[in-house]
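Chemist: Handing you this structure, nothing more for now.
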Amino acid sequence: QNEEKWDFVLVSDIHEMGSEKEIKRKKFLDELSKKGFTIKKIEDVKLFYGVRAPQHFFRKYQCLLRNPDSRQQNSSTHQDVPVTTRIRIVHFILRNTVTSDLEKLHDLMKKKVFEAAFPLHEKEEVREFLKEKWARWRVIFKQQPIEKIRCYFGEKVALYFAWLGWYTYLLGVAALAGVVTFVVGLTVYSSSQVSREICEANTTIMCPLCDQKCPFWVLSDTCTYAKVTHMIDNEATVVFAIFMAIWATVFLELWKRKRATVVTDWDLYGWDEEEEELAMELINNLQHDPRPYQHSYVRSTIVLVLVLLMIAVLIGIAHALVIYRVVAMALFTQSHLELLREHANTLAVLSGAVLHYLTIVVMTKVNRHVALFLCDLEKPRTFSQRESNFTMKFFTFQFFTHFSSLIYIAFFLGRINGHPGHYVRIAGRWRLEECHPSGCITDLFIQMAVIMVLKQTISNIMEYLIPWVSHRLRKKHRHPKKRSVMLGEEEEAEDPCKRQWLNNYELNEVNVFSLFNEFLEMVIQYSFTTIFVAAFPLAPLLAFFNNIVEIHMDAIKMMRLHRRMVPRKANDIGIWLQVLEAIGILAVIGNGLVIAITSDFIPVQVYKYMYSPCVRGNRTGTDCSIGYINNSLSVFRIQDFEPHTSVPDMLPNFDRDQIKECRYRDYRNADDYSYTVQFWHVFAARLAFLILFEHVALCVKLIAAWYIPDVPQKVKNKLLGKKYHDLHKELSMMEYSTEV
C-alpha cells in the first residue's frame, strides 16, 4: 500500500520520438533518476509521470532542522515526516533540479515540455474529514478544524483560515455597532430639524445645476434626498467612526495573541524561514552557495519612480471617472426623457459607480503585471522576499484603484467647483459637479454601497463559478474517449493510480498566487469596512455575511475544485500584518476627514454655538439648529450670470421677471461673492476637529495596543519552560558523561 504513494505527478503531452521536447523531457527525468527518485509512467490522453523521492532527503531534512516536526529529539527513532513537509521538500527539489542544458522545471513548462506538476489529493482520513466537516455549506456556522487544515494544506493555508475566521468573528461586533448606528439614523429620518427645513423650503429658489436648459428649482424638491443624508450624517456616526478606529486596533492586537497561541501549539514560534530555505538548498545540492543579500540604490530609485508613475496613472483614471460624471450629468439634464432629467444627479452617481467597478476589474489585471515586472527589476533574494515585495506593490496599486474615486467624492466634490457667475470648468465647457444642499455624504454612501455590493456578489459568484464550470468541462472533455475503449477489445486491468492521477489532473490548477488572491480580496474588503465607514455604517454587516460565505467557498474550492496546493510553512501571515496596521492608521485619518470635511456635522455645530437663535439668549425649548439651511445658502444676483448661460422658464408658479436672485450652497457675501467670516469659522472648526479627532483616536489606539499584550502569558510561560527543560537536560547529560 505504502509503495503506491506518489509525491508529485508531472504531466506532459505525447511528443514524437526524437523531437526536441521529448529529448528535454528525458534529460529532466534522467536528472531525477540520478538523485534516486522512483519514476512511474502512465499513458492516457497525456503522459503522466509519478515521482517519489528517496527517504534520505527527508532524513537529511530532519537532521538539519533538528526535526521540528516530531516532538522526540531522539536521533535513533526516525519518525516519518508529515505529508505536507514531504510534498514541500519534493516540490523544492523538482523546482531546483537543473538539466544539462541549464534548464529548470519552470523553463521546461514555459517551453511546453511539461504541462503541469502537482501533488495529489490522497484518500487520507484527514481529507475525508475535511470534505465532510469543513468543505460543505451545511457546516457554515461550525468552528473550523484549523489543526486538520494544517495537516493537509500546511501552515500558511491554516493561518489564512485562522485569520479569516477570527476577522469574521470580530466583524460581528462591528456589524452590530453599524446596525445600531443605522437604526439611530432611521429614527431621525423624519424628525431632523435640518431635513425638515429643506422639505418646507418651497419658496427658496436655487441656482440652475447646469448651463444650458437647466431651470431654477425649488429646494423642497430634494426633500427625500435630504432625509437620506441626515439618516447617515448625524451625531451617532461620529461615535461609530471613533469606535471603528478602536475596533481596528483591538482586532489586530487580539489576532497577534491568537496567532502566538496557534503557532506555539505547532512548535513554530521561533521558526526561521531563512534556515529552512538554506537547508532545502543543501539537501538538493551540497555544492550550493547561498545568494548574498544585495541592495542597489539605483534600482530602488527606478522602482520608486515607476511606482509613482503608476499611481499617477491610477489617479488619472479617477479623474477620467470624474469627467465622465460631469459630462453624464450635463447630458442627462438636457435629455428629452423626464425620468432622466429628474434624477440626473443620482443616475450620474450610480452609473459612475458601476463604471468605477468595471475599471477595478480591468485595472486589477494590469496592476498585477506591472507589480510582477517591478519585482523582477528588484531581483529579490528569496521567494518569500519576492512575495513580500510583490504584495506591497500590488496592494498599493489596488488601493489607489479602489479608493481614488472615493477620495475625490469625499474630499473634493463640491469644494473646487467655484460659484455661480464664476464656475470652474473642464475644457472650458462642462461645469464640475456640486454637492447637494444637505451635504455630499450621500454620494459617498451610494458609491460605497454600489462597489461593495457589486464586488461581493459578482466577484464571489465568478470566483466560484469559473472553477466549477471549467472542472465540469474538463471532465466532459475526457470521458467520451474512455467509452470507445470499453466498446473495443477487453481492456487490460486498469492501473489503480491512473484513475486517481486523471481525477487530480481534471481539477483546476493552482499557482503561487492562489492564496495571495484570497488574502488580497479580504484586505481590500477590510479597507472598505474601516476607512470610509463613517459614510457607510452598514459596510461591516455586508462584510460579515460575505465572509461567512467566503470561508466555506474557499474551503470547497480547495478541497473539491482545485488541485492540492503545495503546502508552505509559516508562523504568521507575513507582510499582510503590516498592511493591516497601515490600513488601521489610514482608517483614523479617513474617518476623521469624512466627519470634518464631507459631513455637515461641523457646520451645524458652528451654527448652533455661534449663529443660531440660541446664542441670543432664548435657549429654552428651541432646537438650536433652526434656520441652519437658510444660513448655509448664499445669495446670487441673476444679472451676474456668465453670458453663455441660458436659463429656461420652467418654474410654473414663478414669473421669470420676478426672480432677481437665486441661492447656492456656500458662505459668500452677496455683493462681491468673497468668503464671509462664517466660512473661516467653519474652516477653523473643521481643522480643529480633525486634529482633535485624530490625536484622540491615535492615542486610544496606542493605549489599546499597550494594554493588550501581543503574546499571552500562557505562551510565554510555555516557551520559558521549554528553554529551561532543554538547558537542564543538556547539563545533566554533561554531568552524567563526566561521572562515567
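Cβ atoms are placed via backbone N, Cα and C, with glycine included.
What TrEMBL records for this protein is below:
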DOMAIN    83-146  domain 'Anoctamin dimerisation'
DOMAIN    149-719  domain 'Anoctamin transmembrane'
TRANSMEM  157-186  transmembrane segment
TRANSMEM  236-255  transmembrane segment
TRANSMEM  301-324  transmembrane segment
TRANSMEM  344-363  transmembrane segment
TRANSMEM  394-413  transmembrane segment
TRANSMEM  523-549  transmembrane segment
TRANSMEM  570-597  transmembrane segment
TRANSMEM  683-708  transmembrane segment
Chemist: Relative to the transmembrane segment (523-549), which of 157-186, 236-255, 301-324, 394-413, 570-597 accounts for the most Cβ pairs at distances under 8 Å?
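Modeler: Top-ranked stretch among 157-186, 236-255, 301-324, 394-413, 570-597: 157-186.
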Chemist: What parts of the chain pack near the transmembrane segment (301-324), using Cβ distances under 8 Å and only residues at least 6 beyond its ends?
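Modeler: For the transmembrane segment (301-324), the sequence-distant neighbours (Cβ-Cβ under 8 Å, at least 6 residues beyond its ends) are 352, 355-356, 359, 363, 367, 370, 374, 377-378, 393, 396-397, 400-401, 404-405, 407-408, 426, 430, 432-433.
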Chemist: Of the residues in the domain 'Anoctamin dimerisation' (83-146), how many are helix, strand and coil by DSSP?
Modeler: 33 helix, 3 strand, 28 coil
Chemist: Quick one: mean pLDDT on the domain 'Anoctamin dimerisation' (83-146)?
Modeler: 85
